[in-house]
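Engineer: Quick one: this structure, given as structure tokens, is what I'll be asking you about.
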Amino acid sequence: MAAMMMRQKVAGAIAGERRSAVAPKMGRAATAPVVVASANASAFKGAAVTARVKASTRAARVQSRRTAVLTQAKIGDSLAEFLVEATPDPKLRHVMMSMAEATRTIAHKVRTASCAGTACVNSFGDEQLAVDMVADKLLFEALKYSHVCKLACSEEVPEPVDMGGEGFCVAFDPLDGSSSSDTNFAVGTIFGVWPGDKLTNITGREQVAAGMGIYGPRTVFCIALKDAPGCHEFLLMDDGKWMHVKETTHIGEGKMFAPGNLRATFDNPAYERLINFYLGEKYTLRYTGGIVPDLFQIIVKEKGVFTNLTSPTTKAKLRILFEVAPLALLIEKAGGASSCDGKAVSALDIPILVCDQRTQICYGSIGEVRRFEEYMYGTSPRFSEKVVA
């Protein structure tokens with residue numbers, strides 16, 4: 001019964017997309033072909049010139065449509081309208097609508113489902129909560145009935161599962177921070193979408209889209225598409241629809257920090273010096289312990305830095321496939337930067353060889369990531385300006 005309901009919801013969401021989404025608005029006035037010919041020109045030459053002008057006109061129209069697609073997404077659009085304006089790929093629109101539908105259902109389950117443990121752990125050793133498993137099932141079902149997903153895997157089911165569709169592969173963390181759900185902290189879903197038929201031997205740079213659902217006082221669906229500018233926030237309205245409420249294209253400088261794994265400062269001197277810098281410069285501490293709300297605040301506030309570092313006695317916990325790479329696409333499309341894997345490189349450029357590949361990470365404004373790399377590695381070759389501590 002649950003599977004049938006999810007199939008109906010996904011089908012309804014896609015049908016709603018077709019009904020409500022309109023083609024990008026643009027001038028459609030026909031341009032008459034111009035024939036340039038002198039009195040001595042032959043009919044053949046006139047026809048050739050006409051053909052060239054027609055071809056030029058068609059090319060201009062195609063370019064105009066492409067430009068319009070990238071510029072017409074606007075605040076107040078529904079998610080379906082935004083996707084039509086942001087990407088010409090109907091399969092990508094379908095997979096994003098399917099993830100949005102699952103996010104909407106998960107929001108209800110987070111408010112009502114059990115927070116008790118299931119007395120089992122996933123293959124990574126993390127305790128699985130009942131609400132984790134509900135979210136995981138909903139996302140797998142949504143992807144299966146989208147018919148555009150080839151493979152999917154999650155933090156709870158890390159081995160890729162054949163979804164029976166074609167077009168994309170999706171990796172997701174169904175409910176990051178779920179251990180805090182009983183305290184009523186914000187929790188969230190993270191996902192990345194890759195083209196093709198594999199989820200290893202890839203990089204985050206190959207993602208065509210990424211997103212996160214944030215379940216707090218408001219339910220928000222935050223997404224970025226590889227070929228469209230900006231990072232976009234959609235608010236779940238009372239009527240069950242997603243409304244475009246914010247576009248972020250720049251993350252500036254501001255004294256706000258979210259330092260994860262502070263225990264690493266005990267035996268990571270460089271991290272200790274960086275934290276002392278933040279404290280000495282009177283940065284505002286804004287850390288919830290959940291990477292989804294902590295990253296989302298950087299996008300919404302358009303400033304700040306998030307760090308989660310390792311040390312000889314505190315190992316990496318964040319997984320590139322399920323968390324780090326999707327969040328890196330969101331942050332970088334919003335105008336920020338990331339630094340990953342103990343190297344001064346973007347998290348989008350780290351090869352993902354296995355599903356359980358883990359890393360340390362920094363996200364934030366370009367200036368803050370540059371400072372992070374200077375403190376941790378002594379240099380930041382990707383960025384031209386040096387940090388003055």
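Cβ atoms are placed via backbone N, Cα and C, with glycine included.
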Engineer: Considering the Mg(2+) 3 binding residues Asp173, Asp176 given in Swiss-Prot, which of Glu323, Glu332, Glu368 is annotated for that site as well?
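Structural biologist: Looking through Glu323, Glu332, Glu368, the residue Swiss-Prot assigns to the Mg(2+) 3 site is Glu323.
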Engineer: Please identify which of Glu155, Glu156, Glu159, Glu206 is recorded by Swiss-Prot as part of the Mg(2+) 2 site containing Asp173, Leu175.
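Structural biologist: The record-listed residue among the candidates is Glu155.
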Engineer: What is the total of other Cβ atoms whose distance to the Cβ of Ser179 (substrate binding site) is within 10 Å?
Structural biologist: 18
Engineer: Which ones in the same chain are close to Glu323 (Mg(2+) 3 binding site), with CB under 8 Å and 6+ residues apart in sequence?
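Structural biologist: Non-local contacts for Glu323 (Mg(2+) 3 binding site): Glu155, Asp173, Asp176, Ile190, Ile291.
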Engineer: Given the recorded Mg(2+) 3 site (Asp173, Asp176, Glu323), which additional residues of the same chain have their Cβ within 8 Å of the Cβ centre, ordered by sequence?
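Structural biologist: Residues close to the Mg(2+) 3 site, other than Asp173, Asp176, Glu323: Glu155, Phe172, Gly177, Gly188, Thr189, Ile190, Ile291, Val292, Leu318, Arg319, Phe322.
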Engineer: Among all protein chains shown, how many Cβ atoms are found within 10 Å of the Cβ of Asp176 (Mg(2+) 3 binding site), not counting that one?
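Structural biologist: I count 26 other Cβ atoms within 10 Å of it.
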Engineer: If you take the centroid of the Cβ atoms of Glu155, Asp173, Leu175, the listed Mg(2+) 2 site, which other residues of that chain have their Cβ within 8 Å of it?
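Structural biologist: Going along the sequence, the neighbours appear as Asp132, Ala135, Asp136, Ser154, Glu156, Phe172, Pro174, Asp176, Ser178, Thr189, Ile190, Phe322, Glu323.
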Engineer: Would you mind ranking the binding-site residues Glu155, Asp173 by how many other Cβ atoms sit within 10 Å of each Cβ and giving me the lowest?
Structural biologist: Glu155
